Ligand code: HEC
């Protein structure tokens, strides 16, 4: 009889451990780091242009024709808004991260604006 109780408890503990493994916040946070989720915003072209003028043209050129960074004039043909959001949020190579400089909504707006350039 006691054996049954012990193995029952053992299995319950195992099940609990498995559930914990999948629900602990650590994993979700790592996934968030790798692929930040883009907030949903309404495209505000004038706002996007202002954000880009203030933050991006030093490297990407005042007409987005490229400079230190590549041309973004046809960025939408290369990356969709979600991908641009990830690149701008996290940075890549010589491209700095804007995670601490711009709000996610601002980055999302810029990403959507750039994604329309094809
Ligand atoms: C300090 C210079 C610098 C600034 C400022 C900068 N970028 Fe970049 N950006 C780069 C460089 C360099 C690359 C190329 C990165 C690589 O080779 O992986 C790049 C790449 C990119 C790409 C990917 C291009 C592609 O097709 O692969 C996007 C999109 C982008 N930048 C958007 C922006 C936006 C939007 C801003 C302003 C919020 C910005 N960048 C500000 C230097 C900069």
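Quick reminder: no glycine exception, Cβ is built from N, Cα and C everywhere.
Per TrEMBL, the feature domain 'Cytochrome c' maps to 43-118.
Its Cβ placed at the centre, residue 60 (heme c binding site) has 22 other Cβ atoms within 10 Å. The heme c binding site annotation in TrEMBL covers 56, 59, 60, 95.
Secondary structure at residue 60 (heme c binding site), taken from DSSP and collapsed to helix, strand or coil, is helix.
Those residues of the chain, other than 56, 59, 60, 95, with a C-beta within 8 angstroms of the mean position of the heme c site C-beta atoms are 55, 57, 58, 67, 68, 69, 72. Under a cutoff of 8 A between CB atoms, and with a sequence separation of 6+ in the same chain, the neighbours of residue 95 (heme c binding site) are 59, 69, 87, 88. Max Cα-Cα distance over the annotated heme c binders (56, 59, 60, 95) is 10 Å.
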